[in-house]
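Here's what TrEMBL has on this protein:
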type	residues	note
REGION	22-72	region 'Disordered'
COMPBIAS	36-55	compositional bias 'Low complexity'
BINDING	Thr127, Asp201, Glu226, Lys256, Asp260	substrate binding site
DOMAIN	261-423	domain 'S-adenosyl-L-homocysteine hydrolase NAD binding'
BINDING	Gly292, Glu293, Val294, Gly295, Lys296, Gly297, Glu313	NAD(+) binding site
Amino acid sequence: MNVSDVMMIFFIQFANTEDKQEFSKYPTKAGRRSLSRSISQSSTDSYSSAASYTDSSDDETSPRDKAQVNTQGSSDFCVKNIKQAEFGRREIEIAEQDMSALISLRKRAQGEKPLAGAKIVGCTHITAQTAVLIETLVALGAQCRWTACNIYSTQNEVAAALAETGVPVFAWKGESEDDFWWCIDRCVNREGWQANMILDDGGDLTHWVYKKYPSVFKKVRGIVEESVTGVHRLYQLSKAGKLCVPAMNVNDSVTKQKFDNLYCCRESILDGLKRTTDIMFGGKQVVVCGYGEVGKGCCTALKALGAIVCITEIDPICALQACMDGFRVVKLSEVIRQMDVVITCTGNKNVVTREQLDRMKNGCIVCNMGHSNTEIDVASLRSPELTWERVRSQVDHIIWPDGKRVVLLAEVMSLLSLFVMPFVSTSTALAVIELFNAPEGRYKQDVYLLPKKMDEYVASLHLPNFDAHLTELSDEQAKYMGLNKNGPFKPNYYR
């Protein structure tokens, strides 16, 4: 008997042994019990990124119960740990390297102080990138008070760095809903200080000021809004005749839609999924809900890794674009049982329902790229028959009674592109400057798009970073096209 015959016998015996063994498809109940956490504990755990320097030794103490002061002796802030400021400063400095346009704007305009007298109350994601925006507004003369628009996305060390420099920041990762509204109120309600500008991402701050401080709302010079959700709320107010101040829709600016939403999401979706799950995407069945610019970026990245991607859409134009790009357009209910990954990026609510979550296969990964956590019916997963397990920071297993697990990233994957958003920050700064300095009568009580000239200026600020050289129109060419030689080069409705 030669070696190959021996190996064949061994393989057959091993295979027979494998056939005789009974492997359970799902983990045993005992195994689940040993690892599981209570629903309440999972819901209140603080989420941290892999790069976070959060000190977990005092995680049980709410920042609201701590007495903290910065090195200047100020206590007008509420962050997780002011001692993390040095780490946050390093992260902000790194972010500045990738935000050349905003830094260029800061250098060009800080001598003029175009925001001198501006009192800006802001509610955005608090990350290293948005910190660069906040510090630019301060450098241009503004006084700022800031809070977080998302209870999971705050980088604690960055919030500490801002508080250390004297910016009143009220935010920490893992806030409760009560904390969230408390922080917004602390930003707005400061004795001897009244906001005259609102910078919002999601509309929650605007809603709070409108409802609780109507006198402040009426005296605000303008509102700048960065998100789909917030813009929708503004248009609702305008339609109802209740918008008594001008507002700038930055979300639909070209530099936001065509750059942050597309290119930044194309990179951040993979970074976020790889960081939290470490899975391979080659051959995986993925459904992306929504084929707007965010969906396009996600699909491009996933397809490049070999994933089999299909799309859900309500808009026939976006659906046709998906078809022309080689993606199958389906209804979620038709494919939910086969999907390995489900990604939402619609800005809507209940895109993935509990009934669809119940039908998902074991191990399916569910995440949200939209602004808030309304796209996936996470609330329905807090039911007694389901068990939550914290796998690692930003990853939860939801376990059904039969042992099926769904990997939930929905609560923390919200707007992954927020970690790479150099374009919208510059557009936002210009929108604030424009509304604050606009002469009376230029803007009425309505919602406006960022002027195309400003969009083009934002793009031009980025070009030196690529050593790009623009071609200039001749007088004859400009006359032929009916354009000003210096722009704008596209109509205001161009997107």
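Note: Cβ is positioned from N, Cα and C throughout, glycine not excepted.
A TrEMBL annotation is a machine prediction, not a hand-curated record.
For the binding-site residues given as Gly292, Gly295, Gly297, the lowest number of other CB atoms within 10 Å of the residue's CB is seen at Gly292. Of all the binding-site residues listed (Glu226, Glu293), Glu226 sits in the most crowded Cβ setting, with the most other Cβ atoms within 10 Å. Apart from Gly292, Glu293, Val294, Gly295, Lys296, Gly297, Glu313, the residues listed for NAD(+), the same chain places the Cβ atoms of Asn261, Leu262, Cys265, Val288, Gly290, Tyr291, Cys298, Cys299, Cys318, Cys345 within 8 Å of the centroid of those Cβ atoms.
The separation of Lys296 (NAD(+) binding site) from Lys256 (substrate binding site), Cα to Cα, is 14 Å. Taking the C-alpha atom of Gly292 (NAD(+) binding site) as reference, the shortest distance to any of the binding-site residues Thr127, Asp201, Glu226 belongs to Glu226. Each of the binding-site residues Asp201, Glu313 was scored by the number of other CB atoms within 10 Å of its CB, and the largest score is that of Asp201. Largest Cα to Cα distance within the recorded NAD(+) binders Gly292, Glu293, Val294, Gly295, Lys296, Gly297, Glu313: about 15 Å as a whole number.
In this structure the C-alpha atoms belonging to Glu313 (NAD(+) binding site) and Asp201 (substrate binding site) are separated by 24 Å.
Sequence-distant neighbours of Lys296 (NAD(+) binding site): residues of the same chain at least 6 apart with a C-beta under 8 Å from its C-beta are Leu262, Gln321, Asp325.
Its Cβ taken as reference, Val294 (NAD(+) binding site) is surrounded by 31 other Cβ atoms within 10 Å in the chains shown.
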